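Q: Let me begin by handing over the structure; questions about it come next.
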Amino acid sequence: MRTTFLHHSDKLPVRFIQVTDPHLFADKKAELLGINTFDSFKAVLSEIQQTPFTFEFVLATGDLTQDNNPEGYRYFSEEISQLQKPVFWIPGNHDYQPHMVETLNRYPEFISPLKHIIVNNNWQILMLDSQVLNVPHGYLNQYQLDWLIAKIEQYPDLYTLVVLHHHIAPTRSAWLDQHNLRNTSEFLSCLQQHCHIKAIISGHIHQEMDTLWNNYRILTTPSTCIQFKSDSYHFNLDILPPGWREFELYPDGSLITQVKRLKHNLFVPDFNISGY
Ligand SMILES: Nc1ncnc2c1ncn2[C@@H]1O[C@@H]2COP(=O)(O)O[C@H]2[C@H]1O
Ligand SMILES: [Fe+2]
């Protein structure tokens, strides 16, 4: 059985995008804190299709749905398939993997179940599952850690991106940091067996970060729906528009990345609601 997606491209740099935390409901009219998550997801995809950034694949980094219902995964699949590019996904804390796996696997033309991507024989992307069922924080179990080490050891010459839903670096928002990845020191000791880790990419915190953690570059990305306010001790929403992240991979190991957001923000949350 094939476990690695081999992506060959004539284009330099190789471009891809990340979308994260769409929180879709079974009901297309449902709102999360005053934002219709289906509409905001569609608006993000529509703007992605209009940009001149010629990406070749998509990473979807969890919390694809909000209400444990297969319909949300169907809407995700139908909409993301319109990009007509390979899509790779990992679960977030809100996902329900039995529905997720079954539904996403019905769209094999574009949606891949594979978690290991090799790009032009000089980069690899490792997609980890950090979900702990029914709790907001994350944890990498022994299988995930062993798999990470195995891929790192198997491909020591490849520039590597590690992708997981939960955040590792503190956000300076106490309410959010209680929901972080719990076994960061185990994760760190796996990473330290490789010298080519170029970035660790997450979703979960519904805000942009580009920072260093133990000398590793940490990248996080706005949700396609609600945004959390940075540096806030208590739960707090932000007025910033929904967004996504663009990546460019160069054969010498350079990585260029930037966050993009909707140009016109029609998605303003209800600031009177203090959680979900
Ligand atoms: N007021 C709150 N205080 C603490 N955690 C919250 C609050 N509201 C929501 N959460 C949880 O924090 C999580 C952060 O992002 P998620 O999208 O995973 O989903 C959120 C909820 O599970
Ligand atoms: Fe989320």
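The backbone N, Cα and C atoms fix where each Cβ goes, glycine too.
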Q: Which residue of His206, His234, His264 does TrEMBL report at the same Fe cation 1 site as Asp21, His23, Asp63?
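A: According to TrEMBL, the candidate sharing the Fe cation 1 site with Asp21, His23, Asp63 is His206.
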Q: Among His8, His116, His165, which is the one TrEMBL gives for the Fe cation 2 site where Asp63, Asn93, His204 also bind?
A: His165
Q: Let me know the most crowded of the binding-site residues, choosing from His23, His94, His165, His204, His206 and counting other Cβ atoms within 10 Å.
A: His204
Q: In Å, rounded, how far does the Cα of Asp63 (Fe cation 1 binding site) sit from the Cα of His165 (Fe cation 2 binding site)?
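A: With the alpha carbons as reference points, the distance is 8 Å.
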Q: I need the CA-to-CA distance for His94 (AMP binding site) versus His165 (Fe cation 2 binding site), whole Å please.
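A: For His94 (AMP binding site) versus His165 (Fe cation 2 binding site), the Cα atoms are 10 Å apart.
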Q: For ligand 2, list the binding-site residues among Asp63, Asn93, His165 whose CB atom is within a distance below 6 Å of it, in sequence order.
A: Asp63
